[in-house]
Amino acid sequence: MDKDSQGLLDSSLMASGTASRSEDEESLAGQKRASSQALGTIPKRRSSSRFIKRKKFDDELVESSLAKSSTRVKGAGGVESGRCSGSEPSSSEKKKVSKAPSTPVPPSPAPTPGLTKRVKKSKQPLQVTKDLGRWKPADDLLLINAVLQTNDLTSVHLGVKFSCRFTLREVQERWYALLYDPVISKLACQAMRQLHPEAIAAIQSKALFSKAEEQLLSKVGSSSQPTLETFQDLLHTHPDAFYLARTAKALQAHWQLMKQYYLLEDQTVQPLPKGDQVLNFSDAEDLIDDSKLKDMRDEVLEHELTVADRRQKREIRQLEQELHKWQVLVDSITGMGSPDFDNQTLAVLRGRMVRYLMRSREITLGRATKDNQIDVDLSLEGPAWKISRKQGVIKLKNNGDFFIANEGRRPIYIDGRPVLCGSKWRLSNNSVVEIASLRFVFLINQDLIALIRAEAAKITPQ
């Protein structure tokens, strides 16, 4: 009886112990859930901060970058999607999490390394090709030679004339890119190697003078008259100091420039007086009083100018009225007066020596021979060996217009216009006819031609 009662007591104690343990575990699990809900995140597994370097393959690189970017994206509830897909934490991890402080820590947004790598890779080609269009190979060669000569980028910016107007910052950036950027320096070297040797020689001739070169040139006296041989001897004496592309002529030109600016050793610059103030153009322009520049009206002067203008116009009018009277006197002395046309003369071809009268409606021009008789023998005026036997024909039409037709080899010039063989041209009063260096003036009897036109007008309606 005692044994049975003792066994029942033991079994009841064990059952109560197991029940109490299950209740303790449930209460502990409830506390853990409450703490995790208060934090808003599932506790992370503690891992070592030591990084183990391991070679990654291409597929791993792509998948890891995608996995990292996906694990950084959080849902609206604040739970990471990568963590939700994993396995549940063990009991030992739960115990460690329960000991952690309950204060929530706000997560700090950190950029993903995969995205930053892609941004850097996309920016690099833009920086490489940024200045490839503006900086020519000739500019790079000029920049390199000038920096090697002066070792001063400010002097290079002021003294070198590039193909574009670069700022000092752009010159500095280009020089640093040529030094430290392997991509840009490689492209620039390839472009410079493709330059023509003549272009390279022209660029090298524009290299700036170094301080050592100018110091040697300054020793040549300003009072002396150095020749090209003097500078050639200077080149042979100091071959290491001068640039390889220097010539005696280039040294002479630079020496003359230094002499002009008083940079030689035996030249002294006169100091300015201390009391005097040097004004530039803008300062002098500001000192000018604009009110004094206005023209002051002088009534007496204006009256005199008006009277003089009226007097000159009266004299000009009188001379114009007397012009035809003086023309008659001049023509009577020189014998070049206008001819007196008779009733039978239609026109006159007047030369320097002879006058040819046109009394028929059609006349021929040329050079007369024994076998060829023509109306107007041009050999009477001057040398006519270049004129054809039958050079041309002048005709009068019913409407009163004169036309000349060229039938010779050489052209006939009417007022400077050539009339070729087989062509014709209208002659007007005072037209200049030039045939093989012989010049004539064609004069028309206007009165007789007017009568002919009137008769033609009467006949036309009938």
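Including glycine, each Cβ sits where the backbone N, Cα and C put it.
Owing to the predicted nature of the structure, the values given are computational and were not obtained by experimental measurement.
Residues or ranges marked as N-acetylmethionine in Swiss-Prot: MET1.
Residues or ranges marked as region 'Disordered' in Swiss-Prot: 1-130.
Among the features that Swiss-Prot reports, phosphoserine is placed at SER22 (among others).
Per Swiss-Prot, compositional bias 'Basic residues' is recorded for 43-55.
Taken from Swiss-Prot, the feature compositional bias 'Low complexity' applies to 81-90.
The feature phosphoserine is assigned by Swiss-Prot to SER102 (among others), with a large-scale study or a structure entry given as support.
The phosphothreonine annotation in Swiss-Prot covers THR103 and rests on a large-scale study or a structure entry.
Look at Swiss-Prot and you will find 103-112 tagged as compositional bias 'Pro residues'.
Under the heading phosphoserine, Swiss-Prot lists SER108 (among others).
The motif 'Nuclear localization signal' annotation in Swiss-Prot covers 113-123.
The N6-acetyllysine annotation in Swiss-Prot covers LYS123 (among others) and rests on a large-scale study or a structure entry.
Sequence annotations record features per position, and here Swiss-Prot assigns N6-acetyllysine to LYS130 (among others).
The 10 Å shell around the Cβ of SER282 (phosphoserine) contains 7 further Cβ atoms across the protein chains shown. In the three-state DSSP scheme, SER282 (phosphoserine) falls into the helix class. Positions annotated as phosphoserine by Swiss-Prot, on the basis of a large-scale study or a structure entry: SER282 (among others).
Averaged over the coiled coil (301-335), the predicted model reaches a pLDDT of 83. According to Swiss-Prot, the coiled coil annotation covers 301-335.
Per Swiss-Prot, domain 'FHA' is recorded for 363-419, and the stated evidence type is sequence analysis.
For 389-396, the entry in Swiss-Prot reads motif 'UBR5-degron'. Cβ atoms under 8 Å from those of the motif 'UBR5-degron' (389-396) belong to residues 346-347, 349, 358, 361-369, 372, 374, 378, 402-408, 410, 412, 427, 435, 452 of the same chain, restricted to positions at least 6 beyond its ends.
Panel annotation: around the coiled coil (301-335), no residue of the same chain lying at least six beyond its termini places a Cβ under 8 Å from a Cβ of the stretch (none).
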